[in-house]
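Listed features, source TrEMBL:
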type: REGION; residues: 1-27; note: region 'Disordered'
type: COMPBIAS; residues: 8-27; note: compositional bias 'Low complexity'
type: DOMAIN; residues: 81-178; note: domain 'GHMP kinase N-terminal'
type: BINDING; residues: PRO110, HIS111, GLY112, ARG113, GLY114, LEU115, GLY116, SER117, SER118, ALA119, ALA120; note: ATP binding site
type: DOMAIN; residues: 268-327; note: domain 'GHMP kinase C-terminal'
Amino acid sequence: MTGVTDTPTGRGAAASSPSAGAAPTAGARVRVPATSANLGPGFDAFGLALGYYDEVEVALRRDGVSVRVEGAEQVATGEDNLVIRSIRATLDELGRPQPGLAVRCVNRVPHGRGLGSSAAAIVAGVAAAWALDTAAFLAGTDRPVPRGAAAFDRAAALRVATAIEGHPDNVAAALFGGFTVAWADTDGPLAYRAEPVADLRPVAFVPSARTSTAHSRGRLPEHVAHANAAFSAGRAGLLALALTQGDAPPPAPAGLAGPPRADAAARARLLLAATEDRLHQPYRLPAVPESAALIGRLRDAGVAAVLSGSGPTVLALALGGEQAAAAVGVAAPGFAVLPLAVDRDGVRVTPLVS
């Protein structure tokens, strides 16, 4: 569904847009990946960026808001649009004046399916705002700020995006790409990015049904058994290693034998064990029986499969093209099958040339 609106706001306008470190221009084009959070045992911490993208174009105007949305249903097209709200919040955080905005959103990431659609919208807005020199635009000049002055600070952007989203797992993966571990301390949200193994081939199985993260979280117990927490903690540590070091073990210290390079079958078994979970999936899966059944069939076939985020999408973490093809062969009716690459760049911002 496509939506267009033009809303007067009484706000001014501004322009600029770099990739990290470039000088601002007249607008910003943003590409942001879909993401999968949790990945089984990494509840509210792990994220993986996927090669499936939303695109947003932002141009500045003197007043009002115009929003054009393509490819998504039930999306706000005024000041309450999530991209617009994220731009506004970021400009406030940066102390920049608020412009009028003309925004075009091409939404490919399905909404309400556990693939980080809200994180994509938020990160797109945050990244676009970082690129916009609103003060120069509103002053009636189009002079670029000095090179580097508008450089995109992804660590600071993580704090802004998390404040809007409420949790950092998806937004961290969308910002940094690759495999991310997010956490919070007294300084706010932080993230560590690691490079996934080269032969990781995610396959997303996307049903037509939607779910809400809030509703899905409502199924989780307030307390879990110590044994289950310990089980998932161990699996989470194993998963971080299996996703990032499985095909290239680090060299051993002098005098010690290093771990042998695991063959493909051994690595697949390791990843299968590493994606077991007792913290959230056992409580969420009964509400999505078709997804639960598909996960069971994939795992019976030796493919590591998990609920993507809060679901109902199923994510298979295949190693190599042969296992990815095997995963596709397990597809069930009612699921769209998306063989994907890992996105290793995170959000990208380029100048919008009029």
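Placement of Cβ uses the backbone N, Cα and C atoms for every residue, glycine included.
Annotation note: GLY112 (ATP binding site) sits in a coil segment as assigned by DSSP. The DSSP secondary structure for ALA120 (ATP binding site) is helix. One way to see the shell of the ATP site is to take the Cβ centroid of PRO110, HIS111, GLY112, ARG113, GLY114, LEU115, GLY116, SER117, SER118, ALA119, ALA120; the remaining same-chain residues with a Cβ within 8 Å of it are ALA34, VAL109, GLY309. Neighbour list (SER118 (ATP binding site), Cβ cut-off 8 Å, at least 6 residues apart, same chain): LEU82, GLU165, ASN170. Mean model confidence of the domain 'GHMP kinase C-terminal' (268-327) amounts to 96 (pLDDT, 0 to 100 scale). Proximity of GLY114 (ATP binding site) to non-local residues of its own chain (separation of 6 or more, Cβ distance below 8 Å) is seen for SER36, ALA37, THR211, LEU307, SER308, GLY309, SER310, GLY311, PRO312, THR313, given in sequence order.
Each of the binding-site residues GLY112, GLY116 was scored by the other Cβ atoms within 10 Å of its Cβ; the lowest score goes to GLY112. Across the domain 'GHMP kinase N-terminal' (81-178), DSSP classifies residues as 52 helix, 7 strand, 39 coil.
Cβ contacts within 10 Å of PRO110 (ATP binding site), excluding its own Cβ and spanning all protein chains shown: 22. For ALA120 (ATP binding site), the number of other Cβ atoms no farther than 10 Å from its own Cβ, over all displayed protein chains, is 32. For the domain 'GHMP kinase C-terminal' (268-327), DSSP puts the residue distribution at 34 helix, 10 strand, 16 coil.
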